[in-house]
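Have a look at the structure below, then the notes.
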Amino acid sequence: MRLPFTKMQGLGNDFVVLDGVRQTLALDRAQLRRLGDRHFGIGCDQILLVEPPTRPDADFRYRIFNADGSEVEQCGNGARCFARFVREQGLSDQAEIRVETARGLIVPRIEADGQVTVDMGLPDFTPAALPFIADTDLPLHPIEAAGERFEIGVVSMGNPHAVLLVDSLTSAPVERLGPALQAHPRFPRQVNVGFMQIHHRGRIGLRVYERGAGETLACGTGACAAVVSGIRRGLLDWQVTVETRGGELSVRWAGPGQPVAMTGPAVTVFHGVIELD
Ligand SMILES: N[C@H](CCC[C@H](N)C(=O)O)C(=O)O
């Protein structure tokens, strides 16, 4: 089958975006993995599928698949690219769109300067929301992995995140600890692992070893999770600039009961057609 696609990126986190509005798409796991494969396919961190909504208060449905073919609940950098895609494809002329995800509505808005702001909804710290096996909700949970003991913050942004504080991102044990924590038995559906270095109360550095994709240049939901975890621990102010390997993101959270707002770029790289068997 000849499948048109658009290649996009948000801070170097890259996506294959598919129009499931003008055509009905039903891709199996092998086909999704082919799209994500950087040698035998197109190559990306995630595949984003744009579909008509299934609920009356949404304009579109947003489905996200990691490069390994697993379907997941949320993708922050992808949400900004989603908004740019539907605008550029003429699927919507609204500045603000209501997007149905597996975990509720998010609302991206294209700003006058071309950046995209997304209301990412409310963070959820309860272990059951991730899921994470723990007795109760704590700002920090002790955990053992790769033969060492750590303390992690756990946050669901729809998808699960574990956040570790490190003194330096350059020496952070991402390659060793990322895989060990991602697949830790206390995370039955695995987890995205964020390594956060605090520069000051308004600026952090972040590296994320993503579930289903490995380390990416940026992770939008990971940035939201790291900031709200830091705010909850009294280490950060309500507005934080997040330095990722792919560039900077702004994250704002006014506290419990409030949604998280994220602002950053969304770039269309090229359009193409892949021969998919
Ligand atoms: N790997 C994530 C999905 C993509 C999230 C990330 N690319 C973002 O920008 O939020 C997961 O398995 O939950």
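Residue numbering: from 1, along the chain as shown.
Each Cβ is built from the backbone N, Cα and C atoms, and glycine gets one as well.
As given in TrEMBL:
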- Cys75: active site (ACT_SITE)
- Cys75: active site, proton donor (ACT_SITE)
- Cys219: active site, proton acceptor (ACT_SITE)
- Asn13, Gln46, Asn66, Gly76, Asn77, Asn159, Asn192, Glu210, Arg211, Gly220, Thr221: substrate binding site (BINDING)
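The binding-site residues Asn13, Asn66, Asn77, Asn192, Thr221 differ in how many other CB atoms lie within 10 Å of their CB, and the one with the most is Asn77. In sequence order, Gln46, Leu48, Ile64, Asn159, Gly220, Thr221 constitute the residues six or more apart from Cys75 (active site) in its chain with CB-CB distances below 8 Å.
When other Cβ atoms within 10 Å of the Cβ of Arg211 (substrate binding site) are tallied across all protein chains shown, the result is 23. The record gives Asn13, Gln46, Asn66, Gly76, Asn77, Asn159, Asn192, Glu210, Arg211, Gly220, Thr221 for substrate. Within 8 Å of the mean position of their Cβ atoms, the other Cβ atoms in that chain belong to Asp45, Ile64, Val72, Gln74, Cys75, Gly78, Val208, Ala213, Thr216, Cys219, Gly222. Cβ environment of Cys219 (active site, proton acceptor): Asn13, Gly76, Asn77, Asn192, Gly194, Leu206, Val208, Glu210, Thr244 lie under 8 Å away, each six or more residues apart in the same chain. Residue annotation for substrate gives Asn13, Gln46, Asn66, Gly76, Asn77, Asn159, Asn192, Glu210, Arg211, Gly220, Thr221. The furthest Cα pair among them is separated by 16 Å. The secondary structure of Asn77 (substrate binding site), as reduced to three states from DSSP, is helical. In the three-state DSSP scheme, Arg211 (substrate binding site) is classed as coil.
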